[in-house]
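Input: a single structure, listed below in structure tokens.
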Amino acid sequence: MSYKGNDIEKQQSASTATGFNDKQIASTSEDATDRSHNIHGDTSSLDSRYTYETVDQEKNYFKRVYNSFKPMNLEEQGIDTSQLTPVERTIIASAKHPLARRLKARHLQMIAIGGSIGTGLFVGSGYALANGGPGAVLIGYVIVGYALLTVVNALGELSVQFPVSGSFNAFFSRFLEPSFGGTFGILYAASWCISLPSELIAAAMTIQYWNTEVNPAVWVAVFWVVIVVINLFGVKGYGEMEYFLSIIKVLAVVGFIILGICITCGVGDQGYIGGKYWHNPGAFNHGLKGVTSVFISAAFSFGGIELVALAASETANPRISLPAAVKSTFWRIFIFYILTAIIIGCLVPYTNDDLLNGTGIAASPFVIAVSQGGIRVVPHIMNAVVVIAVISVGNSSVYGCSRTLASLAVQGLLPKSMGYIDRGGRPLIAILFTSAIGLLGFLVVVDNEGDVFTWFFSICSLSSFFTWGAINVVHLRWRFALAAQGRSTDEIIFRSPLGTFGSWTGILVLILIVIGEVWVSIWPIGSPADVQQFWKNCLSLPLMIVMWAGFKTYHRSWNMLWVKLEDIDLDTGRREIDVELLKQELAEERQIIKSKPFVYRIYKFFF
């Protein structure tokens, strides 16, 4: 544009100097303009082209967004399951399921570290303390924590080897039998599905700590929209949100631990506390039943710790990022649960009135502990952290349920439409289905919504223990299948540090936990045998059996209880196809680690 103006000015000054008339000047100006157009282009056309290009870019952007919701053609992925057996179809379909691989190592690390921190820890630990006392809470968290440690390590070994859609849900079908995959998968999806509306209600009730004038249904709607929008951004949206929310939750727990140690040692209105509440009123409440009653609360607190494996199929390089996330399990269990349980037991007696009679955030031992220490602003901070935790768990609920439902659908265990994957790698129908269940959160306006959700949760009350136990069984069958087919453990990319011993002991611990829960459900604490209480706590047990039998009958597979070890597919779904090359690379990596100093080897074992 400046070029054209300069040319015209030069021509006009030249014409004036030589005595040209106005027509000649105009003609010269037009010629100059034409030459300028020829040399530098017509600026008006440039402007118009720029406008058109901008409009086209905007149209293309919205078109790309629109097209991203169209289905991913599985035939383009090379999937033809028409001539395959149910087991073969399950294995191949889950291996080639086109979920987007957009999670990075930092996402996986924070999902592993802080993804399971939620209302189970911040509020549920209070119920455990009231029923069992500080000693029972510590024992219960240690026992369930050990069981989870074996599960996550076993699952890490399997997920690094086979980063397939659905993770452990697909492993149930591959290493056990598709009916087990359908049963455990639906129970697992149901637990997340029911968690979403309950977390929405928890968020609305938590907000009422500050404002009781706004109808809680309004807050349910707000949080529902936020969670749904996050998940419609795909796995990258889920990963980024969990990354930042987990950082906040981790900082909050670490801050509480530091503050709790200070209050215990005498910083606060109460002076030195130490372990006096372990002596008066005592370490245990209700004896062995009190210890057993902690298991369900502990399972609720630990729930979601396995999500890191579910995310493996959507991770760019699970071979590198997943082992590091799995190894951190020991530290997060110890720091965020065991250490927190010890501090809570030191700061809050199980006879505390707020603990026994409070509701919501008021019954949180975190809030009670700092309030008794004379720090008045911290309850508001913890309340905000609980809101963040609720959003995080709601976000994970949609993610966990939708991925599980989509995996079941692609395996042929649910209607095909549930496995709809759009071009953005989102299981769209499964996300919308899970989000629709979240609308049950509007039951917050009903007077007896607590009873409704008690029965909802009874569907999946023990399902976490069944799922975790089945993961350990799958790990054992994976190792047994390697031996039965003459394969070496040298081809295992990441070996569970606890090995098969961990899986065996984990199964034993989980069986004892389930037996204890059935006992406490039949004969509740402080009351005679109660049939209704039993069904509230153990409905998932007969439901699991009926569901498994239904799958066996529908698929007419009663002639096969297990997939034979010799018939288990040990290759489909690997990202490293050349087994011999893989074994060579792994041997070199292990040799490098062996050559390092002892301190480094210890570091690599734990991190």
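Every residue gets a Cβ built from N, Cα and C, even glycine.
These figures come from a predicted structure and were not determined experimentally.
According to Swiss-Prot, the protein has these features:
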type: COMPBIAS; residues: 1-10; note: compositional bias 'Basic and acidic residues'
type: COMPBIAS; residues: 11-30; note: compositional bias 'Polar residues'
type: CARBOHYD; residues: ASN357; note: N-linked glycosylation site
type: CARBOHYD; residues: ASN395; note: N-linked glycosylation site
type: REGION; residues: 1-45; note: region 'Disordered'
type: TRANSMEM; residues: 110-130; note: transmembrane segment
type: TRANSMEM; residues: 132-152; note: transmembrane segment
type: TRANSMEM; residues: 184-204; note: transmembrane segment
type: TRANSMEM; residues: 214-234; note: transmembrane segment
type: TRANSMEM; residues: 243-263; note: transmembrane segment
type: TRANSMEM; residues: 291-311; note: transmembrane segment
type: TRANSMEM; residues: 330-350; note: transmembrane segment
type: TRANSMEM; residues: 373-393; note: transmembrane segment
type: TRANSMEM; residues: 427-447; note: transmembrane segment
type: TRANSMEM; residues: 452-472; note: transmembrane segment
type: TRANSMEM; residues: 506-526; note: transmembrane segment
type: TRANSMEM; residues: 531-551; note: transmembrane segment
Honestly, do the transmembrane segment (214-234) and the transmembrane segment (243-263) touch, with at least three Cβ pairs under 8 Å and pairs 6 or more apart in sequence? no
In contact by Cβ distance (the transmembrane segment (110-130), the transmembrane segment (291-311); 3 or more pairs under 8 Å): yes
Apart from its near flanks, which chain residues at least 6 from the ends of the transmembrane segment (506-526) lie with a Cβ under 8 angstroms of it? 131, 143-144, 146-147, 149-151, 154, 286, 289-290, 292-293, 295-296, 462, 465-466, 468-469, 472-473, 533-534, 536-538, 541
Among 110-130, 132-152, 184-204, 531-551, point out the range having the most Cβ pairs under 8 angstroms from the transmembrane segment (243-263). 110-130
In the same chain, who gets a Cβ under 8 Å from the transmembrane segment (110-130) while lying at least 6 residues past its ends? 136-137, 140, 199, 202, 239, 242-243, 245-247, 249-250, 253, 285, 293-294, 297-298, 300-305, 307-308, 311, 325-326, 328-329, 332, 336-337, 340-341, 344-345, 348, 350, 355-356, 358, 360-361, 363-366, 368, 382, 385-386, 389-390, 392-393, 396
With the cut-off at Cβ under 8 Å and a gap of six or more residues from its ends, the chain residues touching the transmembrane segment (531-551) are 178-180, 182-184, 186-187, 296, 413, 454-455, 458-463, 466, 514, 517-518, 520-522, 524, 557
Between the stretches 132-152, 184-204, 330-350, 373-393, which one has more Cβ pairs under 8 Å with the transmembrane segment (427-447) than any other? 184-204
Per Cβ pairs under 8 Å, the stretch of 132-152, 330-350, 373-393 packing most closely against the transmembrane segment (184-204): 373-393
Other same-chain positions with a Cβ less than 8 Å from the transmembrane segment (373-393) and lying at least 6 residues past its termini are 114-115, 117-119, 122-123, 195, 199-200, 202-203, 206-207, 209-210, 223, 226-227, 241-242, 245-246, 248-249, 252, 256, 259, 263, 267-270, 304, 347, 361, 364, 366-367
ASN395 (N-linked glycosylation site), DSSP three-state class -> helix
